[in-house]
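Pulled from TrEMBL, these are the listed features:
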| type | residues | note |
| --- | --- | --- |
| DOMAIN | 7-80 | domain 'TRAP C4-dicarboxylate transport system permease DctM subunit' |
| TRANSMEM | 7-36 | transmembrane segment |
| TRANSMEM | 56-75 | transmembrane segment |
Amino acid sequence: MNAIIIFTILLCLMLTGMPISISLGLTVLSFLFLFTQVPLEAVALKLFTGIEKFEIMAIPFFILAGNFLTHGGVARRMIR
């Protein structure tokens, strides 16, 4: 039953034209606050401790490397 509610909220938010990242975040937050008894402090603590993981830090660095490749012209030369 919970999965149906989550997917319904997600689908409604995406159909309104909201970006996927924001609709995913709002879906999770709305489900947490409406259907569970999780305190706000626990959510904030989990978010901030998850950022400190080494594996998660690879994502912004891959985006930065892609930016360097694109703006430096290296990506265009690699494709040719």
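Even glycines carry a Cβ here, placed using N, Cα and C.
I'm curious about the neighbourhood of these features; can you describe it?
Within its own chain, the transmembrane segment (56-75) has Cβ neighbours under 8 Å at 50, counting only residues six or more beyond its boundaries.
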When secondary structure is assigned with DSSP, how many helix, strand and coil residues does the domain 'TRAP C4-dicarboxylate transport system permease DctM subunit' (7-80) contain?
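With helix first, then strand, then coil, the domain 'TRAP C4-dicarboxylate transport system permease DctM subunit' (7-80) has 58 helix, 0 strand, 16 coil.
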Let me know the model's mean pLDDT on the domain 'TRAP C4-dicarboxylate transport system permease DctM subunit' (7-80).
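Reported value for the domain 'TRAP C4-dicarboxylate transport system permease DctM subunit' (7-80) is a mean pLDDT of 86.
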